[in-house]
Each structure stands twice: as C-alpha cells, then as structure tokens.
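Student: Sharing a structure with you now.
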C-alpha cells in the first residue's frame, strides 16, 4: 500500500495549494512589498521609498479619524452586543423557573431564538441598504415616519456628524445580537443543572446564579465573542460604504480604514499608500486579538 | 426535588431556615416570583423580537406601495392597493433577477469548489504523514489572521495580470481561495476525529487512497461537511468587498452579484427617488432567505456558529 502514496498526496494537495498560493499568499506578500513603494499602477518600474508611506499616514488626519472610529466601535460594539446577547440568552435559558427540579427556559424560547438569529443570514450590504431607508431623514423613513406621527421633528441619523457613527453601530448590534444569543445559549445549555441546583440550595438568587456560575463557566465563549466582534469593528466597510453620506461622511465622521484603503486603491490609484494602510490594519487587528486573549486569560473551569 | 429552585429563590438570603419553611414558602410566593420573572422575560424578548422583525415587515409593506404613498402614509399602514408595479420595475429596469441568478451561479460553483478542494487538502493534512505537512497546514490556517483589505490591491493586480479581472472565473477562484483557510482548519480537525479501523479495513480490502477518500471517508464526514458547506454558502452569498473590488470595468454591471446590485440600486434610487422599486428589490432578496431559513433553520444556526462554538 506504500505504492502510490506520494502521487496521491501531491495529487490531492496541488490544486488547493496552487489556488491558495496564487490568490492569498502571493497577495499578502505583495501587499507588504507594495507598502514600501509609491507605485500608482502605471509606471513599469516600481520605486521603493522606504517608510515614506507610513510617515505620510502618520500625518494624515483622515487616517486618524478612521482610527478613532475603530476605537469607538471596538469598545461599544462588543460591549453592547455581548451584554444584550447575554441578557437574552439568560432569559431564554433560565427565565422559566424550574420544573421537576430542572431550570427551564421561557416558553417559546426556540421561537425567539429563530427570530433573533435571522439578521445574521442577511448580507451586511443588504442590511445597510435596508437601514439607510430606515434612517431616511424625511417621512419616508421608518423612524422619522413614526416620529412624525407623534409630531416629533426629523432626526438626521446619518447626516448629523454626532449621530452618524452611532447609527451605524446600532445596525451592527442589531444584526449581531442573535448570533451571540445562539452561541451563548449553547454554552449555557452545556452547564450541568446540578450546579445551579446546588447553588440554589445554598440560597443563591438569580443574579448570583448569573454572576457566580453562568458568567465564569461561559468565559471562553465570551472571549471568542469579544475577538469576533473586535474583528468586525475593524471592518464595517459595507455599512459605511453603503449607508454614510458621501462615503465616510458627513465630513469624514464615519470613515473606516477599509473604506480609505478601497478609496486610495480604486479611486485615487494610490496602490502603495493603500497597501501601507492595509499593513497598519493587519498589525492593529493582530495586536487587538493577542491583547484580548492575553488580558482576559483566566484559568478556565473544566467541568 | 420538586420545585427546589422555586423554593429557594423565594427565600431571601439570610432568612432563618427551619424545616418546613421551605415547603410553605415554595408554593404561593415562589410561584408568583417565577411568574413575574418569566413575564418580564417575555416582555424583554418580545421587544427585541419586534425590533428585529419590524424593519423587514416595513420593507415588505412598502414594496407594495406607490412612491407617494411611502411618503404620505404611516410607515406600517397597509398599501391602499396591491400594486406590483414596483416589482416590475425592480425586475426589468433594476435587473434584480439577473443579479440573483448571477449570485446563484457564482456561489454554486465556488462553494462546490471550496468543499472539494478544501476537504481534499484537509483529508491529506489530517491523515497522512509526509514532509511539509505541518508547514502546509499552518500556511492555510495563517490565512485566518489576515484582513482581506490587506490583500485588496495585490489581488486586483494579480487578477489583472492573469486576465481574470471582471470575470466569473476570477471571482469564483478568489472566493474559493479565501474560503480555504477556515474550511481546511475545520475539516482537518474533523477528519482527525474519524476512527482508524474503518480506513484500515478498506485498505485491507484493496481500496486505493482515492477510493478510500471518496467512498469511505467523505460519507463518514457528512455532518462536518454539511455545517461547513452552509457556512461557506452563506459567507459567499453575502460577500460584498470582493465582488466590488473584482467586478469593475467595462460591462461589469451585467455580471454583478446580488449584494453589489442592490447596493447600486440604492444609490441610483436616490437619484430617481424611486424608492418603491428599491423596496421591491429588497423584498425579492430577503424573502427567499426567509423561506430557506424556515426549512433549514436548525442546520443554518449550527453551521454558522460552527466556527465559534469550537
């Protein structure tokens, strides 16, 4: 059976490795290379300019605006999504009291879960289009249409530079919560009921149960959630590109790195500069993920 | 054991505990507390449920209204007459039908390709020892750490050099390439869990490596394959950045996928102020998702959370 082993291995690996090497590995390697050039896509020879792109980036006010927006998203997107999702997951799983000594979910918990999860299935670009209508500044918008019924003035969700980024953040939360409700529910479901019962015997209240049992036993799932949402906070391209006024506006109030990379690459043909931004984005994402895992490290409780 | 939790939660912490107190406290007060809590739970859950559904219902309602009605009537009012005018213009002028078919075509091929190549690579990496195995495995998995934005410019140039820019072939290959890291990562772990004795028995019976893979191992990996296929279908169907970067240039509008097409309708609807058609286009892309979800919600939920739940 030794015979034909290597031809088989090579035969199975060659196509996937070739596709992956061409479109992914080669692209990432070239991105680092390009970030040290001033290439604009036309000249045949490429000039290496050292760290000039990065120095320019450092003095680019739009870049710093984008960073600020990522910081805001990085704090509030995970925070809001996880708090809401934990809250709902807890209600779904132990909201119904107990029967026969077993904690129970509220009635219809499956139905709620199905509804909550649905937005996850929709493309962000689609969600962005829906919400650019929901937020419409005139009475054709869902929210302003309702407000008008009560005689309240229109709120300029996307045109007001103080509101625009928060409005976009709200859409991300709207879409994300259901996914994490399902994820946390699965985690909560795997916590043995005896632990709850034992704690309840000792007189633990519902909130004690939540903070002393559910939360610590769910820690590793929470970590994963935080990293996922953090990575999503470094993206937000689809929403900003579709929803925001003037793509990233008003006056740069919603711009994100992804959008700036896209713009520099395809609108201004600044290939080198766009790649430099990509490199920064890569290191930011990596630092964030490593930091999160390091800071939140705890001795996991093995059941 | 009956009503144990009910009893205790009704007893405030610190209350003097004596035999019998539990039992008497359990029935009326405890039940009441539970009812209150579960009532509160239902209200909170229903509010979020409403927040999730309301925009979707609103979109569907508005798709049957005329443009003026959208402006003058209350958001959740029923359309005065069931008008399919907007659907006609969404289908013929805004080309939603074409974008939809384009998406189906691209995703059908790219997901199939991803699953075939991904599971082939994962199988070999999981179950065969050879020089460079670990290296190739980590090469694939490292792809998970990079943001696609980093590759955007070079990817554009690579496709341009290969003459694949603005072609389905290019888009499909790129979808496959960028889906491989997670597919290989997940399927490698899955193939490792499969029992050895079946494979050994097949080899004793004289099955070739290729036959062993297709006729024995793949069927055994079915549950993993289903999860990850769903994950890839949804991910590729919803992809926006890659098609926007790749499908540009002359005649690209005809090849756009649904996400791109809808986003563009949204922009042009703004110029023509034809919102009804936009709502119809949105409805046409949401409703199929609702139908698919209604039938496969369990599989879809577990498929999409497969990565995070590990």
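Even glycines carry a Cβ here, placed using N, Cα and C.
Keep in mind the model is a prediction, meaning the values are calculated, not measured.
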Student: Looking at A:47-70, A:71-94, which stretch does TrEMBL describe as transmembrane segment?
Tutor: A:71-94
Student: Of the ranges A:7-29, A:237-259, which one does TrEMBL flag as transmembrane segment?
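Tutor: In TrEMBL, the transmembrane segment feature sits at A:7-29.
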Student: Of A:137-162, A:163-188, which range does TrEMBL call transmembrane segment?
Tutor: A:163-188
Student: Grab the same-chain neighbours of the transmembrane segment (A:163-188) for me: Cβ-Cβ under 8 Å, and only residues 6 or more beyond its ends, written as numbers and ranges.
Tutor: 69, 72-73, 76-77, 80-82, 84-86, 88-90, 92-94, 113, 115-120, 122, 124, 127-128, 131, 135, 155-157, 214, 217-218, 221-222, 224-225, 229, 232, 236, 239-240, 243-245, 249-250, 253-254
Student: Hey, which bits of the same chain come close to the transmembrane segment (A:71-94), Cβ under 8 Å, at least six residues off its ends?
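Tutor: For the transmembrane segment (A:71-94), the sequence-distant neighbours (Cβ-Cβ under 8 Å, at least 6 residues beyond its ends) are 103-106, 109, 112-113, 116, 165, 169, 172-173, 176-181, 183-185, 188-189, 196, 206, 209-210, 214-215, 218, 222, 225-226, 229-230, 232-234, 236, 256, 288.
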Student: If we skip the immediate neighbours and take only residues 6+ beyond the ends of the transmembrane segment (A:114-135), which ones have a Cβ under 8 Å from one of its Cβ atoms?
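Tutor: That would be 88, 141-144, 157-158, 167, 171, 174-179, 181-182, 238-239, 241-243.
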